[in-house]
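Right, one structure below, let's go through it.
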Amino acid sequence: MKVLVIGNGGREHALAWKAAQSPLVDTVFVAPGNAGTALEPALQNVAIGVTDIPALLSFAQHEKIDLTIVGPEAPLVIGVVDAFRAAGLKIFGPTEGAAQLEGSKAFTKDFLARHQIPTAEYQNFTEIEPALAYLREKGAPIVIKADGLAAGKGVIVAMTLEEAEAAVHDMLAGNAFGDAGHRIVIEEFLDGEEASFIVMVDGEHVLPMATSQDHKRVGNGDTGPNTGGMGAYSPAPVVTDEVHQRTMERIIWPTVKGMAAEGNTYTGFLYAGLMIDKQGNPKVIEFNCRFGDPETQPIMLRMKSDLVDLCLAACDGKLDEKTSEWDERASLGVVIAAGGYPGSYSTGDEIHGLPLEEVADGKVFHAGTKLADDDRVLTSGGRVLCATALGHTVAEAQKRAYALMTDIRWDGSFSRNDIGWRAIEREQN
């Protein structure tokens, strides 16, 4: 069968790499893909942008694609799934209506409130004065979020009132996040430890994926501004069996049932970003309507199940007949980014020292890369690569991941040197 993966990031390289391992699959196309997918013998890039739905659809029809897997959020919120389904094509992802769970933070917070799903206390604002009054009433620390899609960067955790007021002005008057900031959500600052809880949903049944923990801040020790994610590991020890059960009962099931009841039946990957308090109670920080990036990379390295088989079952509403199998070992991925990220950075720099052959139990996934005409690999984004490895402990996986990237460099490249620190601290105690 033929599979199409939509996207060009590290997540899509990992999903396509995993899909190509399925015995059901003959060819995997990636639209538009990156240098990493271009260099994989089993994958084929197609030069179509992720939001060019007519071109994606006509390619899928022309090539008789049997299954499409959507990586990023942008095509989901503009209805790629609706278009493919209307044409009778199998596609794994939520409809435009269901993708509002990620596309609008205000929609999500109101949905959570309607269904009594645990989350931070909040209010939505479109005007500066009431927003500032609310800030002064609540005090800092406090969280300000742009309503729409801002590539994971539209969230300001303000530790002082001045910082909070500046963020409100910036988002509502200064238009720091384009259309995404015309409405903001202000919510209470939650204390605890974060985890990424990702499941597959077929509208009615749910199949949990491996848990993971992302590192959002750009700097070591979780300092500096938020990014799309600087590294991740799986499983996340903070998600104990008890926390897992609470998350399914209090968050995942009520969300799936609530969406169906409101006429937005949810199919696709559903990613709950959780904050887990000292008592092991999870609250929703955010929902994403797709697999996380960089969480996908370590999770796919651990996945023993056939990803394509699971996606097909989900498209047919038969996820209850499937289980997922995972490597017992831990997996850890470190993002190598371009100097200046998450601010402005240069592109087109040549990347040196990429591993020339496959490594056992490790893989360097490509994100912001492109292949030059002379086959040199160049940078094309802020997050460029993700060096990922398995290990019997998180500490061992960390050591192996960093070893994979020893020789990789380009002008200004950088990474955090402490990915996995929370889990390693637990292992040592």
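Note: Cβ is positioned from N, Cα and C throughout, glycine not excepted.
Copied from Swiss-Prot, the annotated features are:
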BINDING   135-196  ATP binding site
BINDING   Glu286, Asn288  Mg(2+) binding site
DOMAIN    109-316  domain 'ATP-grasp'
Quiz item: When a 10 Å sphere is centred on the Cβ of Asn288 (Mg(2+) binding site), how many other Cβ atoms does it contain?
Solution: 21
Practice problem: Write down the Cα-Cα distance for Glu286 (Mg(2+) binding site) and Val143 (ATP binding site), rounded and given in Å. | Solution: 12
Exercise. Would you mind ranking the binding-site residues Val143, Met159, Ala167 by how many other Cβ atoms sit within 10 Å of each Cβ and giving me the lowest?
Key: Met159
Quiz item: About how far apart, in whole Å, are the alpha carbons (Cα) of Arg183 (ATP binding site) and Glu286 (Mg(2+) binding site)?
Solution: 16
Practice problem: Quick one: pull the CA-CA distance for Glu286 (Mg(2+) binding site) versus Asp191 (ATP binding site), whole Å only. | Solution: 15
Quiz prompt | Whole-number Å value for how far Asn288 (Mg(2+) binding site) lies from Met159 (ATP binding site) (Cα to Cα) | solution = 25
Quiz prompt | Listed in sequence order, residues with CB under 8 A of Leu135 (ATP binding site) and six or more positions away | solution = Ile142, Leu161, Ala164, Glu165, Val168, Ile186
Quiz prompt | Alpha-carbon spacing, Asn288 (Mg(2+) binding site) to Asp191 (ATP binding site), which is rounded to whole Å | solution = 21
Quiz item: Among the binding-site residues listed here, Asp191, Glu286, whose Cβ has the fewest other Cβ atoms inside 10 Å?
Solution: Asp191
Quiz item: In which DSSP state, out of helix, strand and coil, do we find Asp191 (ATP binding site)?
Solution: coil
